[in-house]
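Chemist: Residues annotated as domain 'Myosin motor' in TrEMBL: 1-520. Summarising the annotation, TrEMBL assigns ATP binding site to 2, 3, 4, 5, 6, 7, 8, 9. Feature annotation from TrEMBL assigns region 'Actin-binding' to 454-476.
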């Protein structure tokens with residue numbers, strides 16, 4: 001764990017390499033485990049203002065061993081930041097794969113996918129980069145292609161996947177204008193070419209124009225440009241999310257152990273999840289990310305402070321209690337039922353008439369006087385939370401839409417009937433293993449997807465015997481070889497590392513079994 005840009009993903013890669021070097025036996029499987037990383041980074045990482053290679057999803061890698069030999073592995077992914085596909089902040093980029101494609105595809109391949117000059121595409125904000133960066137991206141694209149081959153993606157699957165990505169980019173350039181004859185909204189004449197390019201690859205948008213009028217997912221809804229744009233962007237986000245989930249499933253098929261299920265295997269799990277974030281504008285995604293970090297901080301406190309000191313007291317050892325900053329009040333603010341922030345968000349999401357403004361009004365009335373919540377002055381959709389790492393001001397714009405995270409059956413049907421075989425497969429429910437609904441048994445239909453993902457993750461964490469790797473960011477300028485003492489000290493303080501050092505110094509770090517002690 002650590003701040004965004006502190007080195008969590010790089011530490012994970014080094015730890016994996018170390019473990020693989022200690023293993024004996026299945027060298028091919030070990031190499032595969034190491035080689036899938038370029039694929040995950042290309043589709044799941046992006047440049048942010050805090051980190052040029054920021055993980056925009058969380059991953060939990062389970063390595064399964066028989067004695068000293070790795071027999072298989074499984075990857076679980078959490079909270080992919082799908083909104084990045086359609087919107088990025090100032091100084092940020094979309095997912096790496098879009099830039100890699102432009103740099104790595106030949107002219108003939110770009111023509112086949114209908115890709116034009118990258119500066120034309122709204123979803124990548126007209127950004128591309130210098131010649132040196134383009135050369136780097138070209139090399140990265142080749143790494144991705146090699147990884148796709150290694151994982152076992154068929155050539156046609158790779159073609160279909162890139163066709164979907166190209167279609168997503170074209171989709172982002174579709175705009176709308178009034179239909180003067182009946183007062184509705186239609187695709188603008190200027191973007192008909194983009195519509196055609198998107199429809200050829202995704203085969204969806206052209207049919208959406210004919211959806212039932214007044215449906216919130218219709219592109220012909222009366223006089224509502226924002227709903228049309230939301231529908232367009234929702235299609236792009238869900239298509240990209242399904243592609244990413246499909247890649248993870250293919251990786252798991254490749255890395256799965258093929259053994260007698262009765263053979264007992266031991267397991268090492270490695271969690272690499274996005275770090276605490278505080279941007280100029282913080283949205284629903286930052287709330288989910290910071291909630292995850294709050295839960296991991298609580299997990300750390302539980303094991304390092306609470307269980308450790310309880311063991312000393314149980315053994316009746318002389319011990320001076322070490323206090324620590326307990327973040328339970330923040331977690332209660334966010335997770336309590338029925339009046340926690342996420343419960344209120346789920347409640348509002350269930351009401352069609354609710355808006356982001358009514359949600360914020362509900363927060364302001366429910367948390368009046370709460371020391372960890374502050375209403376925003378001068379911003380109707382703003383509110384602040386005092387996290388363990390500091391105060392973060394959020395804007396609630398888009399909270400309800402993102403929390404619902406639904407795909408109407410009519411739109412799903414259009415995907416299923418797509419002429420692109422892969423796109424059809426990705427939306428055929430049970431045939432595709434990345435299906436959020438399959439994990440929702442017994443849970444409310446409006447349970448926040450963020451909350452559900454974190455519930456599953458924390459169940460795994462609490463069933464394990466944890467070791468903690470705390471990553472410290474040396475400076476805020478992304479500069480190598482520079483240590484900013486104030487930046488480092490702040491992290492040591494809010495992470496509880498100063499108290500951790502004390503408890504490790506004053507405590508009993510080595511605990512042999514009776515047999516080990518007697519043998520010595």
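Any Cβ shown, glycine's included, is placed from N, Cα and C.
Just so you know, TrEMBL annotations are computer predictions that nobody has curated.
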Chemist: Which residues of the chain, 6 or more past the ends of the region 'Actin-binding' (454-476), have a CB below 8 A from one of its CBs?
Modeler: 1-3, 5-8, 11, 15, 50, 58, 60, 76, 78-79, 269, 271, 273, 275, 288, 291-292, 295-296, 299-300, 303-304, 439, 482-484, 487-488, 491-492, 495, 497
Chemist: Output, ordered by sequence, the same-chain residues six or more apart from residue 2 (ATP binding site) with a CB under 8 Å from its CB, or 'none'.
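Modeler: For residue 2 (ATP binding site), the qualifying residues are 8, 275, 470, 471, 472, 473, 491, 495.
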Chemist: Using all protein chains in view, find how many other C-beta atoms are within 10 Å of the C-beta of residue 9 (ATP binding site).
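Modeler: Counting Cβ neighbours of residue 9 (ATP binding site) within 10 Å gives 24.
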Chemist: I'd like the Cβ neighbour count for residue 4 (ATP binding site), meaning other Cβ atoms within 10 Å of its Cβ, all protein chains included.
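Modeler: Other Cβ atoms found within 10 Å: 20.
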Chemist: Report the DSSP secondary-structure composition of the region 'Actin-binding' (454-476) as helix, strand and coil residue counts.
Modeler: 9 helix, 0 strand, 14 coil
Chemist: Please state whether DSSP places residue 8 (ATP binding site) in a helix, a strand or coil.
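Modeler: Residue 8 (ATP binding site) sits in a helix per DSSP.
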Chemist: Taking DSSP three-state, what's residue 3 (ATP binding site) in: helix, strand or coil?
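Modeler: DSSP assigns residue 3 (ATP binding site) to coil.
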Chemist: If you count Cβ atoms within 10 Å of each one, which of the binding-site residues 5, 7 comes out on top?
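Modeler: Selected residue: 5.
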Chemist: Give me the count of other Cβ atoms within 10 A of the Cβ belonging to residue 3 (ATP binding site).
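Modeler: For residue 3 (ATP binding site), the 10 Å Cβ neighbour count is 25.
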